[in-house]
Amino acid sequence: MEDFVRQCFNPMIVELAEKAMKEYGEDPRIETNKFAAICTHMEVSFMYSDFHFINERGESIIVESGDPNALLKHRFEIIEGRDRAMAWTVVNSICNTTGVGKPKFLPDLYDYKEDRFIEIGVTRREVHIYYLEKANKIKSEETHIHIFSFTGEEMATKADYTLDEESRARIKTRLFTIRQEMASRGLWDSFRQSERGEETIEERFEITGTMRRLADQSLPPNFSSLENFRAYVDGFEPNGYIEGKLSQMSKEVNARIEPFLKTTPRPLRLPGGPPCFQRSKFLLMDALKLSIEDPSHEGEGIPLYDAIKCMKTFFGWKEPIIVKPHEKGINSNYLLAWKQVLAEIQDIESEKKVPRTKNIKKTSQLKWALGENMAPEKVDFDDCKDVSDLKQYDSDEPEFRSLASWIQSEFNKACELTDSSWIELDEIGEDVAPIEHIASMRRNYFTAEVSHCRATEYIMKGVYINTALLNASCAAMDDFQLIPMISKCRTKEGRRKTNLYGFIIKGRSHLRNDTDVVNFVSMEFSLTDPRLEPHKWEKYCVLEIGDMLLRTSIGQVSRPMFLYVRTNGTSKIKMKWGMEMRRCLLQSLQQIESMIEAESSVKEKDMTKEFFENKSETWPIGESPKGVEEGSIGKVCRTLLAKSVFNSLYASPQLEGFSAESRKLLLIVQALRDNLEPGTFDLGGLYESIEECLINDPWVLLNASWFNSFLTHALR
């Protein structure tokens, strides 16, 4: 049969039919009768449209050959043979321009003269049986049905055959010829008997063997077979049934299922108030590094030694001054704390042997900054349960904050490439089985795309800081330990480089439970002037500590160097997750893999190489107010990685809630885009549960703003 199809039909039709079958995971070499049926249906649809035009007076005419310059418009728009996404785009466009109602299923043609969609049917059975099945499935007055059989019979809605006698005769003759050709090769009987009831290629494929047994075993109670259950589901009318079930539950429960239309959803309401502030545990785009290349000093690799070496590369230190005070803090204490760190580093250098770790003096400024002796005294409950007015202390409601532009800039920066490589090839793990050859190839391609990404720098910085802080918290519980913030990378030329971002001073850390908090003071170098976006730096006291000479296209320029100081806190569980930030690489790699898999299953071969090496192809990255943003595959990799990294850096209950609840609304919108006619109840309640997570978190507010852009463009 496969040979017959390839000989009998136009190669373009054969190619389209193969593509359609592969899109739904069916093999033309195995499902040969279905292959023949799809080719036949396509050919009839194309013949239906051939030679039919509308002239400038709006009259329908037949032109088999003639003046190529005549102002003629095709009478029929062909929808059959296009891939699903494009076909729905064409249907939507027709509906928008003509005002015709949108069909539930993809039709085959649109008739511009009669202003209606047409569903073509080709059957090996009785035409009236097939017609009833089609009509029952489509359930639409809008779509005109026209059925042809291989015996020369036809049937159409209201006996309106649309085309002239001669055009229809041409189709019937072609069908009769196909039947004769099949019969002469002994293929007709098998082809005729293989037609089952009305179905679309995506709705039915045979389940056999183990999968069939599993399907029969996993049916809900009271169903004897899979067919039985399918028939029930196909005829299921959700509205009344679900309402009936709800009415049995309680008199208070009342849910009316409302259709979810393009006009139904509204944008999420973002909170007002002062702009949101930076709340990450370390600086991101504003960080400045003091670096040494090809480190080979004594004690190289010991953080304190590396930090001292990096500090010595800078010569522009000056008397520190406060340029942006912290609103609520004692700013002079932050200034004194930095002076103390500088003094203690100089003390270390004067010692004969530099120690591996440095515990610094518990001065009054550090005790204040680290909250020493500030925790309320704990009293055993048994000692105070008789106190009459015992109550939990009042906590303030969180203050609402509005979205600020800096968080979008932070995200854009995280997606960019740096001039250093932050991970080696083996950061994601090694092969353990031969099947993983493709996995290795994907991993290597992916690593090449993201190794220089700024988000990858944030991963390595986060892993280092959290590991060092957790180690110090366990090893020196009572001490105020000085912890350098360090990262390592390779330059373009492959030279090793050690970077110092600043210092952390750890407070007392008797961490018994996962959620017990250790306080720390962070002091980070930066060239960003805090007075440009003071709202971003609400939690910081910023000092000016030096002047840095920078090489620019116009020569050397001097820029002030700042130190961003703040009190912060973390816990064992947060540090544990911070140490595992490399998981972000794995998560984004898996997302890319699922894109490759989708492409590979359509093409029936592994598309990894083409996917990464076809530099001309662009992919959707996300929604912005301008519409769908597209970029290279590298940009997609880096954007997915940056999202994963920001989910880790800005992890919070607000993010958890927003992600879980907004996903429900997203799925409903996707269902609407896929023409699945979703219904909802208590949509207001869903909006409430999403919007109660929009309080003050910058990353959540940015995601909500992206979600609104998506809603705008998805429902156009």
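Cβ coordinates come from backbone N, Cα and C, glycine included.
Checking the ranges 12-27, 124-139, 444-459, 572-587 against Swiss-Prot, the motif 'Nuclear localization signal 1 (NLS1)' annotation falls on 124-139. Asp108 is the only one of Asp50, Asp108, Asp111 that Swiss-Prot places in the Mn(2+) 1 site (with His41, Glu119, Ile120). Of all the Cβ atoms in the protein chains shown, 22 others lie within 10 Å of the Cβ of Glu80 (Mn(2+) 2 binding site). Counting residue by residue with DSSP, the motif 'Nuclear localization signal 1 (NLS1)' (124-139) contains 12 helix, 0 strand, 4 coil.
Around the Cβ of Asp108 (Mn(2+) 1 binding site), 24 further Cβ atoms fall within 10 Å across all displayed protein chains. The Cβ of His41 (Mn(2+) 1 binding site) has 21 other Cβ atoms within 10 Å, all protein chains considered.
Spacing of His41 (Mn(2+) 1 binding site) relative to Glu80 (Mn(2+) 2 binding site) is 9 Å (Cα to Cα, whole number). Remark: Ile120 (Mn(2+) 1 binding site) has His41, Val44, Ser45, Tyr48, Glu80, Asp108, Leu109, His146, Ile147, Phe148 as non-local neighbours, by Cβ distance under 8 Å and separation of at least 6 in sequence. His41 (Mn(2+) 1 binding site) falls within a helical segment according to DSSP. Under 8 Å, Cβ to Cβ, and six or more positions away along its own chain, Glu119 (Mn(2+) 1 binding site) finds Phe105, Pro107, Asp108, Lys134, Ile138, Thr143, His144, Ile145, His146. For the motif 'Nuclear localization signal 1 (NLS1)' (124-139), the predicted model reports an average pLDDT of 83.
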